[in-house]
Amino acid sequence: MAKVESFTLDHTKVKAPYVRLITEEHGEKGDIISNYDLRLVQPNTNAIPTAGLHTIEHLLAGLLRDRLDGVIDCSPFGCRTGFHLITWGQHSTTEVAKALKSSLEEIADKIEWKDVQGTDKYSCGNYRDHSLFSAKQWSCDIVDAGISDDPFERHTI
Ligand SMILES: [Zn+2]
């Protein structure tokens with residue numbers, strides 16, 4: 001089976017919250033796609049409950065696109081400790097960490113239920129499983145912990 005970079009990361013050595021560049025893929029025509037690890041909570045110590053994670057997912061889909069060029073997708077890890085962010089082009093982890101921090105601050109401080117996109121049976125695959133309360137509290141805790149632009153050394157932005 002193909003070796004996957006994410007599974008070679010020693011999850012006991014990282015210090016969340018952080019942003020990490022996983023890979024840069026270079027296309028035949030010179031296009032570059034970057035894949036980032038947005039680790040919001042410490043692996044095997046914490047995990048964001050699905051309802052809060054689901055609402056954070058719906059919000060980051062819009063908030064990160066407002067802050068960062070070339071966003072293709074931002075999807076949660078199955079372990080519920082963070083998200084993959086896929087973008088066109090290259091961004092420094094500092095730039096991504098700043099966009100993530102600003103997005104989580106907006107969730108914690110400003111977002112109301114009416115601002116959450118995709119919360120009905122037409123626009124979401126499990127619309128009953130959302131919690132803005134949880135999304136706000138976890139976002140607040142992550143911002144308070146500080147987001148590092150390095151996965152192994154705490155270098156908060
Ligand atoms: Zn959904």
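For all residues, glycine too, the Cβ spot is worked out from N, Cα and C.
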Among Cys124, Cys140, which residue does TrEMBL annotate as binding Fe cation together with His54, His58? Cys124
Among the binding-site residues His54, His58, point out the residue whose Cβ has the most other Cβ atoms within 10 Å, with all shown protein chains included in the count. His54
Neighbourhood of Cys124 (Fe cation binding site), C-beta criterion under 8 angstroms, separation at least six: His58, Gly118, His130
Taking the centroid of the Cβ atoms of His54, His58, Cys124 as the Fe cation site, which other residues of that chain lie with their Cβ within 8 Å of it, listed in sequence order? Thr55, Glu57, Val116, Gly118, Thr119, Asn126, Tyr127, Asp129, His130
